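Asker: First the structure, which I've put down as structure tokens, then a few questions once you've had a look.
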Amino acid sequence: MTDEVKTRDELITEIEELRRQCSSLEDAINAQRAGWSSCMYRESFVQCVFRELPTGTGLIADSVIKDADSALCSLLGYTPDELLNRKWSILYTTDADYDYVGDELHRQIRGYGTGTIETAMQCKNGCIRNVLVSLYPINSADLLLGFTLIVRDITEWKKSEKQIQESDNRYAALIENIDTGVAVYDAVDDGRDFILKALNPAAERIVHLTGAQVVGKTLLTLFPNMGSTVLPAALCRVWKTGRTEHLAPFYYQDDIRQGWRENHIYKIPSGEIVALFDDVTERKQIEDSLRESEERFRVLFENIRDGVFVHPMITPSEPGKFAMVNPSACDILGYTQEELLGMGPRELDDAESSVTYIPEAMKRLMEDGCVLFEAVQRDRKGNRIPVEVNANIVELSGRPYIVSSVRDITLRKQHENKLLESTQFLKSIYDGVNNSVFVVDVQQDGSYRYKGINRMHEILTGIKNEEITGKSPDEIIDAPFAESVIRRYDACIQSGSTIQYEELLPFKGRETYWETVLTPVRDNVGHIYRIIGTSTDITKRKISEQRLRKLSVAVEQSPAVVVITDYMGNIEYVNPKFTQLTGYTVREAVGNNPNILQSGLTPRETFYELWDTILSGGVWHGEFYNRKKNGDIYIESAVISPIFNKEGSITNFVAVKEDITEKKKLWSELIAAKEKAEESDRLKTAFLANISHEIRTPMNGILGFSELLKEPHLSGEEQTEYINLINQSGQRMLHLINELVDISRIESGDTFLQITETSINRLMHDIYAFFRPEAAKKGLLFECIVGLSDLFSVIDTDSSKVNQILTNLVQNALKFTTEGSVDFRYTLKNDCLEFYVTDSGACIPSEMKEKIFDRFRQVDNSLTRRYEGAGLGLSISKAYIEMLGGKIWVESIEGRGNRFVFTLPYKPSTSVTMQQFDPDFQGRTECFSNLTILIAEDDEVSSLLLQRNLKGENITILHARNGQDAVEQVQKNSAIRLVLMDIQMPVMNGFDATREIKALRPGLPVIAQTAFTSKEEKEKTKEAGCDGFITKPVNKIELLCLMESLLNPKTGD
């Protein structure tokens, strides 16, 4: 290898390159040293900052605490050595909390770079602190390097937050639940009006508006009549002065609200006005009633027949002088009212008796508050008058008064004395004895004879005292029974004491059961000489015992469940119905508690009430939701009562229960039916009120402008205007009548389908052309969009009903839309045509979406509704759609309007050739040339209308006022080529007249005209021989077309 020889220039260049590289290396080393210094400085700075923050900080790596500042240690109660190099899960109460916090923080870090969460940490001493935990990755590119932990104690803040929330909830609940109305106002226009900012539920009930309806609106806008009351001025004063005012009750009335209002008005620190107000109408009515009651009391006081005295009570034992007396009191005692007002009770009472009864009466009056007693008073002449006094204590003006009614009982006392004398003897012997009493004397020979009997014995046996006295038992009673009675008497004497027994004796022709007690009576030497017997008729009891035995059988065979338990509720007896209903056998039930039937659906309060009732001796009525053995749930109606022993203690309980599951179901159905009937009644009531308005309004226009047309000197323009208005009112009334006829037909099932070839496109375009001027007049965007070609739009359906359905829906859309757009269209979906009528009007509330299709139903049924109509259009449309095999519904879009959707079966016509019909009748009157027709009509107005419609058609018109006249004219005049026949006419009706005309001239066309459009009416006209049928009011074009078809059949075809 040879050494390479370098030139001097090459060596210098190489040395310079080496020097440049050394310099670059030195700069890099210096920069590295500067970076290390900067990092050490930043680390020291961050540590200083963290130590000064009001939060605890630390470092976490691999879920291990690598560093913790003094604030974090102080917050958690640990020393740094206790925290360092320990899993930070020791700070959480449960592993689940630790896992949840860790997962949530890592989720946030992955999504946002950092994580923050509220949680609870456990201190060393076991207490729990609410903290806000934040994690910041040291290097977001490498999370394994660890995280900066920041912990802030928010325990006190959470407590404060909870207290504030609880306080807000309490005040909100108070305002929401108080019965006083609360309204919050804000002044506008320098206090001349006030905007409502809030209403509580009580205020909504009082003003009949919801908060959503009033918030943001001014007081006088919502309640224009309020401007005439004192409220606006009071609100202004409180707003300006800040002083609270109590506003005395004032009366307010508008179309919806009326009544008395009382207000307390305050200004709060925010500057808003708070008004607390109540409807005090009822209180005012009570005050008025009180005044009326006082007047009635005055009239009663002055006219009552008993004397009435009112006097204060001086002391509990001393009555004061009379403060009030009525005229009857003056009549009874003979004093004037002025004389009695200066006297007291002691001055009226008899001196001999006042000492005895007044103190006792006052004592009883103080104890019971009322007393009824008899006394003797002296009248003005000194006569003694026995009276009955009924006294009561009442409080008048905070002071006790005695109100006494005094009745003169002189006549009653006289009758009582006579009665007392006549009954003294019997009363002394038999007083208080309700049983049969008989006395038997023991004769020396040992036989027995009756001494006497009491009145009750006579009643019970039918034997008079004089019939039995002195006779022996065998003389009164049949032999077999008399022997038994004598044996009982012998037994009493032999025992020497009272004996008791039951016996069967025949009295009043029937055998009677008696319970008899015999008591021996001894003389002064102890010899029994008499027997006193008392007998009680126990026939009813015996019958009851027999019934009880029957009842036992009835319980066994009862269709109701019967259960008897002991005092602890354990079952002792169940009847067969129990086993049949529940599926439990007698062996399974007896010894168990009825809770084997519990389903868990009966509220616990029911059982608490049950035991409280029956343990207190009451009878409990209620219902249980029980479970059968097979698990089926059933509802029982139960009556449970306690059974008492002779000592009055409860020993058992008896329950009589009935399965009412089906009854409950039936009751629910009945309630639903009742509510539906009530709703229907309300709708019909609203309909009647509405239909009255709908009839009277066009009638007013027709009659009113008809009168105006009679006025002379009307200009041609005025006449045209009046005629147009009359026509509009007539059309409106005709529309209403058509709706009523349609709904009547639907109700009676008299509506039938007439299926024909129908071009849906042509029908849609005709409706569009008809309503386009109305839409343009209202400034609405009006569109019609078809979904099929003309060829495929021809289907087999009822053309008139489809036309009425679409007309009703489009007409409604235009009526209720004031701005925006209305469009109607259809599209083919599967085997149905789906039609849409969309508008931008007010949205139909969700609760009305089904109800608006009910008969007589409108969204607004009130008297103040904005739109006319009977509320029948949608119900008619729905009925027709369902008849055609479709369905209808409505979709409301908030802020965008409504969309009515209905479907019809798509049945393409087998023949799709459409004949065009030109409704313009001009130029088709050739067949009317020199035509003579007869109009048979008894009503001059209808006849005149027909003549005006046919005027100008080159027709000669004859007129008949009844059917007989029509027949005679046809018979005499062979020039008559057509007859317009009214059906209801005097002398001879249209049916009979048509038959006679057809008998005379079979080929003469007869057109029936009537206001009735039922199927039966049309059939009658055909049977009578009529060739055509037209309904009133007569449409000119329809009439001319019908006449042409009858006079020129080829053209008509």
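Including glycine, each Cβ sits where the backbone N, Cα and C put it.
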Asker: When TrEMBL marks a stretch as coiled coil, which of 1-35, 281-315, 526-560, 701-735 is it?
Answerer: 1-35
Asker: Quick one: average pLDDT across the coiled coil (1-35), no decimals.
Answerer: 60
Asker: Is it possible to get the count of other C-beta atoms within 10 angstroms of the C-beta of Asp982 (4-aspartylphosphate)?
Answerer: 26
Asker: Helix, strand, coil: count each for the residues of the domain 'PAS' (293-342), based on DSSP.
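Answerer: Across the domain 'PAS' (293-342), the residues distribute as 23 helix, 13 strand, 14 coil.
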Asker: With helix taken as DSSP H, G or I, strand as E or B and everything else coil, how many residues of the domain 'PAC' (115-166) land in each class?
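Answerer: Split by secondary structure, the domain 'PAC' (115-166) comes out as 15 helix, 25 strand, 12 coil.
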Asker: By DSSP assignment, list the helix, strand and coil residue numbers for the domain 'PAS' (547-593), in that order.
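Answerer: The composition, in the requested order, is 22 helix, 10 strand, 15 coil.
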Asker: Per DSSP, what is the residue tally for the domain 'PAS' (422-496) in helix, strand and coil?
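Answerer: Tallying H, G and I as helix, E and B as strand, the rest coil: 41 helix, 13 strand, 21 coil.
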